C-alpha cells in the first residue's frame, strides 16, 4: 500500500493478462508495475496497539490541532462545542466512522491553541506585620477626626463650585468622545484597505504602529471616568498617528491640499531651475506635505491587510495578534487519516489508521520494541 503507487495506478494492472485477454507489451516487465512497497523494512504491527483510540472523538480533535491536549478536547465535547455531521455531540468516547466530519467552535480553538494573555499588574499582598497596621490605623483615625471640622466648613462652598465644574467637564468630555468616535471610524476605514506588497524589514515597525493606534482607540473604553487631560492626550495621539496614513489623494487632509496649491503657485512664480529641483525631490516634497511615497504606500497597505486578517483585539480571551501556544511543536502534525480545514475548524475522518512496511500511522514517541512489550503486557491480562 504505497501511496505513490496508489496515486499512479487504479488497480486494473494487477489483473492484466489473467483471463482478460490483455497481454503485456513487448519489452515491458510486468513485475515493474507491481507494488513492491518498502519490502526491505518490516511492518510495525505492534505500533498499532492503540489504533482503536484514534477513532475517539476527543483524540481526533487533538490530532487535528483543534486543542492543545486530549483532555482539553474532551472538555470541548462535554460543554457542547463540537458537532459531528452537523449535530451536537457530547460524548468524548464516540467512535468515528470513515467519512464523519467533526467541527469545533472557532473561538474555542483560537483560545486553546493560542498564546494566553499576560496578566498586567496584580493586587499587592497585605503586609504581614499586624502591629504596624494597628498603629497606622490609630494615627489615621486621629487625623480623620481633626480634619472633620475643616471639611464641614468648606463643604458648602465646594458644593456650588462643583456643580459648575461638573457641567463644564461633561460638555468637554462629550466633545472629545465625539472626536474620538470620528477618528475611530476613520481608522476602521483605513484598516479595510488591502494590497499585495510588503518588505520583511518594515513589517515589524508597521505592525507596532498599528497596535499603538488600536491601543489609543481602546484607552477611552478602559477608563471608567477619564479626565479631560487623558482624553486630550488620547485625541492628540490619534491625530498624530492617523495623520501619516493618507493612502490616496481622496484621503488627504485640508491642510495638505492647501499646501499643494501654495506650492504650485510658488512654482509658477519661481524660475525653471528651482522648479526642476522641486520636481526632482518628489520624496522630500511628499514627506513635507504629509503624503507617502509609492513604496511606503505599498508597504503600509500590506501591513494594514495583515492587521485586518490578524488584528489586535483586547476583548479576546487570548493574546492578539494570534500566535500559536508555546511548546506545541511536538504535537504540530496532522496524520494521514484526517483531512483538516483550519479556516472553519472542521475535519473529516477519512479512514482507520493502517500500518505499512516501515511505517505506522498511529503517532507514538516509543520504539516498536517498547510497543511490543506493552502489547504482550495487555495480552496476558485479557
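The count begins at 1 with the first shown residue.
Cβ atoms are placed via backbone N, Cα and C, with glycine included.
Feature annotations, courtesy of TrEMBL:
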type	residues	note
COMPBIAS	26-35	compositional bias 'Basic and acidic residues'
COMPBIAS	134-150	compositional bias 'Acidic residues'
DOMAIN	55-115	domain 'RNA-binding S4'
REGION	1-44	region 'Disordered'
REGION	113-156	region 'Disordered'
## Note on the structure
Across the domain 'RNA-binding S4' (55-115), DSSP yields 25 helix, 13 strand, 23 coil
### Task
Kindly state the mean pLDDT of the domain 'RNA-binding S4' (55-115) in the predicted structure.
95
